[in-house]
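Per TrEMBL, the features are as follows:
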| type | residues | note |
| --- | --- | --- |
| DOMAIN | 39-239 | domain 'Neurotransmitter-gated ion-channel ligand-binding' |
| DOMAIN | 249-488 | domain 'Neurotransmitter-gated ion-channel transmembrane' |
| REGION | 412-433 | region 'Disordered' |
| SIGNAL | 1-25 | signal peptide |
| TRANSMEM | 248-265 | transmembrane segment |
| TRANSMEM | 274-295 | transmembrane segment |
| TRANSMEM | 307-328 | transmembrane segment |
| TRANSMEM | 472-491 | transmembrane segment |
Amino acid sequence: MKKYWSTLHLFQVLCIFIFIRTSSPLTQPNIYNLLQQSNTRPPTANASVPLGVKLGMYLESLGNFRSSEMSFDVDLYVYMSWQDPRLAHNFSDYVLINNDEIRKQIWLPDLYFANARQASFQEVTVPNFNLFVAPDGTVAYSCRCTLTVACSLNLRYYPMDQQLCSIRVLSYAYIAKQVNVTWFDKNPVRFNEEIGLPEFQIEHVSNAYCNGSYQYALTENSYKSDDFSCLSGNLFLSRSIGYNLVQSYIPTGLIVMISWVSFWIDRRAVPARVTLSFTTLVSLTTLGNGLRFGLPQVSYAKAIDLWYGACMFFVFCALLEFATINSYMRKSEKFDSMAKKMQSVVLTGRRLKTEKSPRGYGKPDTVQDILSERIKFIDNEFDFDTKEDDEIPGNMAMSIYDNVSCRKDEADSSSEETKFSTKPKRNGTNGTRKYIDKSLNQSGQNDSLIVATYFQISANHSRHALKIDKSCRYLFPAAFLLWNVFYWWYYLVYTKTPIDK
């Protein structure tokens, strides 16, 4: 009897053990057995229906924008979801898998970043990924990766430009009929609101599709072509102008304004004006070379190039203005020097004539001195309102250089006087002496008027130079102000297109 009860007790224990084993979830051993099997093909139950893969991404950080290389770095989380019936189990909750060896045994979508120059998965301190398997076999997979993404920049409006940079994701081997990749239905692309970029501002992000037909299975003589799934995460960026405003626009504008100081410097101070003009020109050239250092060598003109070119034009025009002023002043000094030399010759000749003749021919010297002194010192700013078109006696010979010729009537009268003086009337000795005295007196008066004329021409050239300087003092700032109004209105208002969110 005791042996009977012992056998019965052993049978009950065995039944309880079998019941516990059969009532517990079968997925514990089964899912591990499934995970240890290598599943290298997509889990499609029906070959005519493509496997649907959902995708989303979260941008954790952005930075290191390189305009010269047209690329930037991004650290992001990639989320994928698909259904694999082979991994179905009877657990009531998701099964977490974070073992890299087991992950390698599971089929994963072969997605890649098409416009990434470099890509790497984060593995500190462990491989940054997680994989959850739902009871019905739905897989939720996420990983963290760092990319160097190429972005084609349109720099026509630099540094007031807006850029669109995309992160494109494609399936490498499977066509859309086999694996169809689509975005999550809600908020597929998100970004960290705390991202702060030194040069750009993130306006917003959006999702789009870039599906297209691509060639694959290429051989020397054949290839296949079909549609591939392509997803595009778009980043709309707006460049901050603060850095370029401080480092480029303000310094170049100040250099242009410094070049205007030459308009207030005395027009006879040639070394000072030359030094100032060439210094501003060289400084602007050096600063312009630094502006283009960090930018790609594109074939079109950027907004900052137009600004730099306009500043160079204004400085160059200031240099040309100085060249014009210098030309007038050289002519003024030339006629002034000629007048002084002729005045010296006339005075010397009259002194000799006065010493030899008791009749005295010195009275015209006083008149000539008055005229020369009046005209000689007319070249100053306080006498600028004097009429510049003062009439010069019509019987004066106005020319000595520079395409100025005597008038015909003056030449005729001069020739007639010459002929007449060489052939005097024969009225006796007294008549001849009177005629010679009269001719010498007229010659002296003509010399005095020629001296006065040269002083007048010198004064007129100096007045023209001063007038140009005074005009440029207002013309250059007004033109530069108009250029600034047009430039900033065009790039900040006219060409600024709102970004559609």
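Yeah, the Cβs are placed from backbone N, Cα and C, and that goes for glycine too.
Long-range contacts of the transmembrane segment (472-491) within the same chain, counting only residues at least 6 positions beyond its ends with a Cβ under 8 Å from a Cβ of the stretch, are 157, 160, 253, 256-257, 260, 263-264, 303, 306-307, 310, 314, 317-318, 321.
Taking Cβ pairs closer than 8 Å, the transmembrane segment (274-295) reaches residues 67-68, 155, 158, 248, 251-252, 255-256, 258-259, 261-262, 265, 302, 304-305, 308, 311-312, 315-316, 318-319, 322 in its own chain, all 6 or more past its ends. Mean model confidence for the domain 'Neurotransmitter-gated ion-channel ligand-binding' (39-239) is a pLDDT of 90.
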